[in-house]
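Report on the following structure.
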């Protein structure tokens with residue numbers, strides 16, 4: 001045995017077998033290296049750059065073909081196991097609504113070790129496609145693989161529960177966040193959970209989650225504020241808003257819009273004024289909310305103020321269709337149909353909403369022919385009317401006794417435009433027929449409707465019975481209304497008035513007894529008007545506590561005496577009480593709109609219209625009284641009740657006395 005020392009000696013070639021030499025030559029490494037050495041850090045940088053390029057390319061994909069091409073590149077580069085890229089691939093497929101099972105699920109199944117984000121992308125994809133059962137199944141598989149979910153996993157599942165209205169499933173997933181742990185302080189998860197409970201109508205559960213949060217952000221607060229506003233609980237919404245440490249534009253807008261949507265226009269405008277004073281930014285959404293509030297209040301002071309703010313913000317209503325349409329609605333409801341039409345006429349672009357707003361404006365002001373002409377212009381322009389448009393144009397026909405035109409438009413909804421009439425459209429038709437005195441036709445339409453009539457339909461019929469003193473059909477309509485709206489006091493009052501007009505006092509007593517048993521109380525008639533410096537004066541029926549009540553009483557007595565000389569007689573049927581004629585006269589003369597009229601005559605310059613707003617429908621006596629006053633004083637009087645506008649001038653009303 002030959003022993004080699006640590007100092008290797010050179011062995012002569014003739015000592016080595018030829019077979020071994022040949023083997024060595026075959027295995028010998030070439031003397032020059034063709035691939036240079038690349039440090040690991042540089043290789044990683046190259047990989048990161050490649051991944052970034054692929055992600056960027058996927059972001060720009062708008063078609064399946066483009067995604068497939070990039071997928072091919074992923075496979076060629078050997079990145080099919082890269083969870084980061086495959087997650088983005090799955091999300092891109094979801095974005096263009098490719099069915100999950102046909103592609104995304106197959107790609108997912110090829111990844112040996114999917115991370116939580118890839119699992120979540122698949123869960124989210126199923127959720128967005130409405131396949132909640134499948135998304136839950138993927139979540140179960142994920143847990144079986146001992147993969148822990150991330151925040152996005154739960155937010156996707158909570159949104160899915162909201163979509164399918166499944167609060168029980170939502171509660172089970174809520175339990176998962178507790179069982180797994182680690183999500184107690186996760187605001188993203190908690191906000192998604194609050195959103196789910198709120199959308200499913202479990203507001204108190206959402207409030208409880210909110211109360212348990214150690215820290216809250218603006219989303220947490222605003223989610224609940226919006227929720228309370230939607231159910232009309234502005235007291236709770238205001239309480240939360242007051243506690244909110246840092247208020248952003250979204251929170252302010254939620255409150256302003258909430259007040260506007262819940263018929264609290266004064267509060268909305270006052271809050272918006274605070275918002276302006278504190279320098280909070282205003283956007284189009286805020287403006288639309290405050291414009292709506294201004295429209296409800298019907299005060300010119302606020303409408304001019306809002307218009308100035310719109311212009312100062314650089315928002316051009318001639319180009320911004322949303323704000324322009326809202327301004328049309330505001331001016332219309334403030335009694336200024338001329339300014340509404342000026343906004344509409346100046347708009348560079350008119351769409352469905354601007355046309356519908358203007359048609360509705362013409363309808364409420366009794367400009368039926370203008371409304372119909374605009375409707376036909378809209379159709380000729382190729383703009384397809386929607387359900388709201390048809391309600392507006394049918395209302396215009398209803399308020400002007402245009403029965404045949406209304407019938408033709410109603411028939412065209414389905415025949416020409418493919419829109420099945422809804423319950424609101426049937427209510428318009430019942431109102432149209434009823435106002436024209438065709439009560440039997442109106443009742444027949446209600447009884448043959450293909451859909452179940454609601455309170456609006458029966459209410460329209462009941463209102464027509466009041467106009468034409470038909471207690472028999474009124475009783476039929478009222479019986480249905482008492483079932484559908486058992487606590488709506490207006491229906492009881494209307495039926496009582498119809499019985500009173502027919503002299504059926506026993507039936508009046510029966511209805512009033514029913515109201516007492518139910519604990520229902522009549523909302524007092526209230527009217528308001530804007531006087532000097534934008535001050536709004538408010539009057540309630542029979543309330544003579546105003547500082548100028550004495551002057552108002554003298555003015556009304558003076559007007560009454562002058563009107564009697566022209567043949568005016570108080571309409572005693574407008575009083576639904578079994579009292580003597582003198583008491584009825586006193587009740588009538590103290591109606592809120594008459595008090596407002598007297599104050600307007602005392603306070604508003606003769607060259608300015610007197611604009612009165614009322615919370616309930618104007619009675620027949622007040623309507624004829626206003627007509628007479630406009631004739632003997634030469635004043636323009638505009639009254640907006642809860643149904644429409646009445647423009648009184650020279651003894652005539654814009655409604656053609658089709659009250």
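Cβ coordinates are placed from backbone N, Cα and C, and glycine is handled just like the others.
Curation does not apply to TrEMBL; its annotations are automatic.
Helix, strand and coil residue tallies for the domain 'DYW' (567-659), in that order: 38 helix, 16 strand, 39 coil [DSSP]. Look at TrEMBL and you will find 567-659 tagged as domain 'DYW'.
Per TrEMBL, repeat 'PPR' is recorded for 115-149 (among others). The helix, strand and coil residue counts that DSSP assigns across the repeat 'PPR' (115-149) are 26 helix, 0 strand, 9 coil.
Beyond the ends of the repeat 'PPR' (248-282), by six or more residues, the same chain brings 218, 221-222, 225-226, 228-230, 232, 234, 237-238, 241, 288-290, 292-294, 296-297, 302, 309, 313 to within a C-beta distance below 8 angstroms of the stretch. Per TrEMBL, repeat 'PPR' is recorded for 248-282 (among others).
Helix first, then strand, then coil: DSSP counts for the repeat 'PPR' (320-350) stand at 23 helix, 0 strand, 8 coil. Feature annotation from TrEMBL assigns repeat 'PPR' to 320-350 (among others).
Positions annotated as repeat 'PPR' by TrEMBL: 351-385 (among others). When Cβ-Cβ distances below 8 Å are used as the criterion, the repeat 'PPR' (351-385) is approached by residues 321-322, 324-326, 328-329, 331-333, 337, 340-341, 344, 391-393, 395-397, 399-400, 402, 405, 409, 417, 419, 644-647, 654-656 of the same chain, each at least six residues removed from its ends.
Sorting the repeat 'PPR' (248-282) by DSSP state (H, G, I as helix; E, B as strand; all else coil) yields 26 helix, 0 strand, 9 coil.
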